[in-house]
Amino acid sequence: MASELDGLPVIATRREEAEGFLQGLVSKSLGWARKYSLFTYPFVTACCGMEYMTMASARYDSDRFGAAMPRFSPRQADLLMVVGTVNCKQAPILQRVYEQMADPKWVMAFGVCASSGGFYDNYATVQGIDRVIPVDVYVPGCPPRPEQVLDGIMLLQKKIQNQSHKLIDRKPLPVISGGAGR
C-alpha cells in the first residue's frame, strides 16, 4: 500500500542523521567563508620578496581573492607564505613560526628556492621547505609572476573549500550553586 509520502526525498530519519546533515551544511559554509578570508604571514628571505610586494600591490589586487594585507604576527595568520631561500639556520625559526599559527593553517611555497632549494644546492640550504613544515601549495618560478601566485591562491581556495571543517565540541560549563546563607 503506497502512502502520500512515497517518492519524496527524506532528509533524515534519525537524530544522528539530522545532526550529520546539519554538520555537513555548517562545514560547507565554513569552507566557503574560510576560502575568502585568508590572513597571510609572509616569511620573506630572498629576492622573491620583490615579486611578493608586487603581488600585494593594487595592480594585482590580491584582496579580491581573500588574501588581503599581511599580518604582523603568525598568531593572527592562517596562511604562511614562505618567500625565497631558507637556510639551515632559519629552518628552526620557520618551524617555530608555523607552530605559532592557530589551526586551521596553510602553507604556500613561493618560488623555486622555497619549493626545492633553487640553484643553491649546498650544505647550508634547505632543499625544499617541505622537509621542515608541511606545504599545501607550491608556486613555481624564479621569481614567480604575480599571476602564478594568484593562481596558487585560487588552488588553495579550492582545497580549503573541499576540506571538512569540524566544529569544536564544547562541553557545558559546570553550574556552581552558591548557598544563600554563607
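All residue numbers here begin at 1 and follow the chain in the order shown.
Using the three backbone atoms N, Cα and C, a Cβ is placed for every residue, glycine included.
The feature [4Fe-4S] cluster binding site is assigned by Swiss-Prot to C47, C48, C113, C142. Neighbour list (C47 ([4Fe-4S] cluster binding site), Cβ cut-off 8 Å, at least 6 residues apart, same chain): G84, P143.
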- Cβ-Cβ neighbours of C48 ([4Fe-4S] cluster binding site) (radius 10 Å): 28
- Message: Applying a 10 Å Cβ distance cut-off over all chains shown, what neighbour count does C113 ([4Fe-4S] cluster binding site) have?
- Response: 27
- Other than C47, C48, C113, C142, which residues of the same chain sit close to [4Fe-4S] cluster? List them in sequence order, counting a residue when its Cβ is within 8 Å of the Cβ centroid of the site. A46, E51, V83, G84, T85, G111, V112, A114, G118, G141, P143
- Note on the structure: C142 ([4Fe-4S] cluster binding site) has its Cβ surrounded, within 10 angstroms, by a count of other Cβ atoms equal to 13
